Amino acid sequence: DAVSYNMILCNYTKASDAPKALRLFQQMQDRSIVPNTVCYNLVLNIYAKNGDHGHVKSVLREMRRRRVPSDQVTYNTAIKAFIRSGDVESAEALIREMQCDGVRPDIYSYNAMIAACSRRKDPVAAEEWFQRLSKEQLEPDAVTYGTMVDAFVQAGLFVRAEKMLQEAIDAGAKVSAVGYSSLVNAAARAHDIAKAETWLTAMEEAHLAVNSWVYNAVISACAQGGDIARAERWLARLAARSTQADVASYSSVVHACAKAGDLARAESWVGEMEAAGVAANVITYNSVIN
């Protein structure tokens, strides 16, 4: 029966064996066994992960034809699949259909739409979805705030991004690493080192996982500005954390030292780099040679 097939389908899906799962799903249909919502959701997830939004649409049509009820998992899986493929209009249509079917969009539904707007550099639309979320009496989560901050940064609205992050912090809400990272990178690119340092420090104090590339943005900005001591402090701070400093981290400092004519200092950092088990690359050596 459908329940037995569902159990086997679930096992295939957990094992990431999509071909077997899809063959089993076809076998169900060949035997005139109508899959239940859970079965369809598993198949939808396979197509969504493969970026096959055409089959996602087909499965949704089949569910409607067979009058198999859709739930939040059904809709959210399809929404994310459409967004990944760039079909934001279909994702929006699904939100409307979801509401018409009496299935309430949840935080994952809205976060997906906000993320889509962020990728399109459309902060106005992102803010509209953010407001709709509030009207539905849903609490924004860490992902919501992080994505909203990123949406403003992507559109070049740095002040709005800072305001959004500060509002979240003041409200005691958690913000994902994406929000902080976006601000750090934007400030570093604008050579506003003080601002980049402020948000990177706030990120550390929030006990968020900070990737090496976030530190690298600050290190590089300091190095490009000729503030070698500052770049060195951040490199030392990175090296002291569990996050592994990489070739870009060291190369920025090596290049700054070499550019300032301090060859001994540059060579010293190459030595530190090798001692840390980080292999120097062509850019690193060229900085010293030149």
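A Cβ is built for glycine as well, from the same backbone N, Cα and C atoms used for every other residue.
All annotation found in TrEMBL is predicted automatically rather than curated by experts.
These numbers come from a predicted model, not from an experiment.
Annotation source TrEMBL lists domain 'PROP1-like PPR' at 182-288.
Remote same-chain partners of the repeat 'PPR' (1-35), defined as residues 6 or more beyond its termini with a Cβ less than 8 Å from a stretch Cβ, comprise 42-43, 45-46, 49-50, 66, 68. According to TrEMBL, the feature repeat 'PPR' maps to 1-35 (among others).
The feature repeat 'PPR' is assigned by TrEMBL to 36-70 (among others). Regional average pLDDT for the repeat 'PPR' (36-70) in the model is 89.
Here TrEMBL flags 71-105 (among others) as repeat 'PPR'. Counting same-chain residues at least six beyond the ends of the repeat 'PPR' (71-105), those with a Cβ under 8 angstroms from any Cβ of the stretch are 37, 40-41, 44-45, 47-48, 51-53, 56-57, 60, 63, 112-113, 115-117, 120, 136.
TrEMBL lists 106-140 (among others) with the feature repeat 'PPR'. Counting only same-chain residues 6+ beyond the ends of the repeat 'PPR' (106-140), those with a CB under 8 A from a CB of the stretch are 72, 75-76, 79-80, 83, 88, 91-92, 95, 98, 147-148, 150-152, 154-155, 157, 160, 168, 173.
Tertiary neighbourhood of the repeat 'PPR' (141-175): same-chain residues 107, 110-111, 114-115, 117-119, 121-123, 126-127, 130, 133, 182-183, 185-187, 190, 199, 202, 206, selected by CB-CB distance under 8 Å and a gap of 6+ residues from either end. Marked as repeat 'PPR' by TrEMBL: 141-175 (among others).
The DSSP breakdown of the repeat 'PPR' (246-280) into helical (H, G, I), extended (E, B) and coil residues amounts to 26 helix, 0 strand, 9 coil. Look at TrEMBL and you will find 246-280 (among others) tagged as repeat 'PPR'.
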